[in-house]
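Taken from TrEMBL, the feature beta-D-galactose binding site applies to His175, Ser176, Tyr177, Asp248. The active site, proton donor feature in TrEMBL is assigned to His175. For Glu309, the entry in TrEMBL reads active site, proton acceptor.
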Amino acid sequence: MNVSKKKFGEIENRSVVLYTITNGNGMSVSCINYGCIITDIQVPDKNGNLENVVLGFDTIEEYLNDTAYFGAIVGRTAGRIKGAQFELDGQTFTLEKNENSNHLHGGHNGFNRVIWQAEMIENGVVFTHVSEDGEGGYPSTLNMEVKYLLNNENEFTITINGVSDKNTILNCTNHSYFNLSGDIKRDILNHTLSLKSDKFLPIDEKLLPTGELADVSGTPFDFQNGQKIVAGTETDFSQNHLAGKGYDHPFVLHSNQDQEIYLVDEVSGRTLTVETNQPGVVIYTSNQLDGDFKIRGVQARPYLGICLETQGLPDAIHHPHFPTIVLVKGNEYTAVTTYRFGVI
Ligand code: G6D
């Protein structure tokens with residue numbers, strides 16, 4: 001196992017460093033201390049060819065211009081907070097309205113825009129950041145730690161910890177876009193996804209959960225026995241159209257750290273198994289990925305990547321029947337997600 005670093009760029013005279021963790025099989029994970037962004041994951045296909053399986057860039061300028069959160073840690077709260085406001089302990093807190101009247105992904109200066117402190121450790125990298133009381137409108141001073149670890153079983157684990165000096169809300173995720181074809185040879189429409197989930201959260205026209213927990217059976221949201229992603233783009237099911245022809249939905253996971261998510265690309269033979277201690281996952285099939293830019297030479301377009309955003313349920317602060325995202329003063333928030341790569 002090897003961990004190396006090199007300069008990636010600068011932001012206002014502050015260094016941004018690229019870290020690369022390489023295991024004994026040649027698999028590697030590269031990341032930068034800006035947003036804890038995962039820039040590259042090299043894994044073998046069925047013939048042993050090492051290729052990159054996440055969307056990313058090679059310059060800090062591209063990440064500064066990125067609005068798709070490629071590879072970033074998202075927080076303090078992933079997803080949308082309705083009305084950019086919430087009540088806690090009798091107080092009302094007003095957050096930044098960075099998407100119409102709502103708050104998305106921690107606001108314009110969320111965790112994805114932070115230059116984190118970083119330290120190389122055995123088998124990985126640890127990032128730390130102190131989010132000051134009132135930052136983004138959130139209460140409490142919050143001590144954050146993000147740990148990226150790789151082992152020789154081609155398992156990459158993200159552990160996100162947070163401790164707060166007051167009651168607050170916290171619900172983080174990693175926003176990597178996976179594409180198992182390798183170096184974006186193809187889009188992800190013919191990837192097959194399996195989920196241990198029989199409930200999904202319908203969204204409204206502003207992509208906020210309505211609060212309903214809907215059965216997946218008989219809908220394009222039933223991934224219990226494996227289904228190609230294209231099922232969500234060719235259907236006339238209203239929820240897929242609301243998401244912009246695809247998926248942009250939370251799913252409730254009914255197991256814990258037990259192969260909850262399985263993604264396979266039959267052509268390359270690559271597989272990805274995801275296990276998490278989080279109650280949900282937002283599946284986003286990059287329906288809105290568009291624009292006048294290239295991703296390592298490939299023109300941006302929808303369906304180039306699939307996000308498997310393991311997390312608490314979005315906007316849970318407004319839905320008491322969802323698992324809570326309140327972090328009580330002095331308690332520790334711990335989100336653990338493992339990504340195991342293999343071949344069929
Ligand atoms: C779109 O609705 C989606 C979000 O889920 C995603 O995180 C973002 O694009 C990058 O707003």
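Going from the start of the chain as shown, residues are counted 1 onward.
Backbone N, Cα and C atoms are what each Cβ position is placed from, and that goes for glycine too.
Where TrEMBL records a feature, it is marked here on the structure.
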residue	record	Cβ within 10 Å
His175	beta-D-galactose binding site	24
Ser176	beta-D-galactose binding site	26
Tyr177	beta-D-galactose binding site	25
Asp248	beta-D-galactose binding site	20
Glu309	active site, proton acceptor	23
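Taking a Cβ cut-off of under 6 Å from any atom of ligand 1, the recorded positions Ser176, Tyr177, Asp248, Glu309 reduce to Asp248. The DSSP secondary structure for Glu309 (active site, proton acceptor) is strand. The record assigns His175, Ser176, Tyr177, Asp248 to the beta-D-galactose site; their largest pairwise CA distance measures 14 Å. Annotation note: Asp248 (beta-D-galactose binding site) sits in a strand segment as assigned by DSSP.
Rounded to a whole number, the C-alpha distance linking Asp248 (beta-D-galactose binding site) with Glu309 (active site, proton acceptor) is 10 angstrom.
Mapped onto three states, the DSSP output places Ser176 (beta-D-galactose binding site) in coil. Take the mean position of the Cβ atoms of His175, Ser176, Tyr177, Asp248, the recorded beta-D-galactose site; other residues of that chain with a Cβ within 8 Å of it are Ala68, Tyr69, Phe70, Tyr284, Ser286, Gly305, Ile306, Cys307, Leu308, Glu309. Distance noted between the C-alpha atoms of Ser176 (beta-D-galactose binding site) and the residue listed as 'active site, proton acceptor' is 8 Å. If you take the Cα of Tyr177 (beta-D-galactose binding site) and the Cα of Glu309 (active site, proton acceptor), they are about 9 angstrom apart, rounded to a whole number. If you measure from the Cα atom of His175 (beta-D-galactose binding site) to that of the residue listed as 'active site, proton acceptor', you get 6 Å.
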